[in-house]
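> One structure follows; several queries about it will come next.
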Amino acid sequence: MKWGVVAVLATLVVAASAKDYFKETFDGSWADRWTKSSWKVSDGSAGEFKLTAGKWYGDAEADKGIQTGPDSKFFAISAPLATVFDNTGKDTVVQFSVKHEQDLDCGGGYIKVVPATSEKQMGEFGGDTPYSIMFGPDICGYSTRKVHVILTYKGKNYLIKKDIKAETDQLTHVYTLVIKPDNTYQVLIDLKEVASGSLYEDWDMLPPKTIKDPKASKPEDWDEREEIADPEDKKPEGWDDIPATIADKDAKKPEDWDDEEDGTWEPPMIPNPEYKGEWKAKMIKNPAYKGIWVAPDIDNPDYVHDDKLYNFKDLKFVGFELWQVKSGSIFDNILVTDDLEAAKKFAEDTWGKHKDEEKAMFDKVKKEEDEKKAKDAPPPPVDAEAAEEEDDEYEDKEEPSGMGSIKIPKEEEESGHDEL
């Protein structure tokens, strides 16, 4: 009983210590908290975000998010965190949901977390605005269907080296990124882990610990030949006396051959089946073989260990900066926190509560769309040539019975039956 009380208290302490730096579920006042960027507005290529639950959803109000539109536009919008997030010694959890309702064929669906140092640029927040974290799905055709995890280190952006597959259907999915003070990370989709590992191993933020010695050179006596000619092998006697071609003994002088006019007839030459080509000694394993020479590793003088790769001290904004050929993605339920369990609970209370109803409505809408397409579809085209061939098999015959014109197969008419 005591242990149970302790466990409950521990859970409460953890919950109490967790902090949400940003939480957005997109109600009717969402536009008061978000700033549309002026990026791309002047040239007319900037798109808009509108509040909607889309064509299918679990709850018409709770599932409202912001949707991109129209097609082939750039989209940029941002909002400030409640307070600047210094993640020193804390987990960093970035979570949001996205529904590619339009069956996205090419476009981004990722979120950016932006540092306070970019504050003066947020009015024109766009592709060149420095950010700290970029996370989420990116889809373009069949070649690009990945989850980006890009981290900024000392002013440079580094892409994750792992290939994480993005969800590509038309339903809502929750993407969660966790960065920990021990320099490890997790990526979850729909609260299931799809990737994890080390910031040191899965990004190239630091140079390698060791490098090949640039001053090293291959020793002169280093033998890289895996095989050598057998020094004991000898060329058979008479090998070089065998000609490459010989006269064709089966050839016959043509009957019309005139030696005086055509010259002395000689049979044509053909390849000699006994000829074996240039003699070469057989190859044997080289007893002196040492393998391919590789320069030895040495400590990299440029390597400096950093135990704070995870560390972002001034996270201040979240934003979407996207290009979409086919618009219609709906973003919702954004959370920046320092506690994964709090993020999971938030996802369960939002997406998790309505996902089954959304799927059911999606199936219903798709079924109705398919039925309408089938109903509105034009009849299959008539093969005019085939129809004409069929008609040619018959001829009109007038019968005295008063039944009018009937068609009788040609072959029956031409068979010449006598009337009884």
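Glycine residues also receive a Cβ, built from the backbone N, Cα and C atoms like all the rest.
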> Of GLU266, GLU274, GLU278, GLU321, which one shares the alpha-D-glucoside site with TYR110, LYS112, TYR131, ASP138 in Swiss-Prot?
GLU321
> Same chain only, please: residues at least 6 beyond the ends of the repeat '1-1' (194-205) with a C-beta under 8 Å from a C-beta of the stretch. Say none if there are none.
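Here the qualifying positions are 147, 151, 153, 158-162, 164-165, 179, 183-188, 306, 309-310.
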> DSSP on the repeat '1-1' (194-205): how many residues come out helix, how many strand, how many coil?
4 helix, 5 strand, 3 coil
> Which whole-number mean pLDDT does the model give the region '4 X approximate repeats' (194-259)?
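The answer is 94, the mean pLDDT of the model over that range.
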> Mind giving me a neighbour count for CYS106 (disulfide bond)? Other Cβ atoms within 10 Å of its Cβ, every protein chain shown.
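Taking every protein chain into account, the count is 14.
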> For CYS140 (disulfide bond), just give me the three-state DSSP call.
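Its secondary structure by DSSP: strand.
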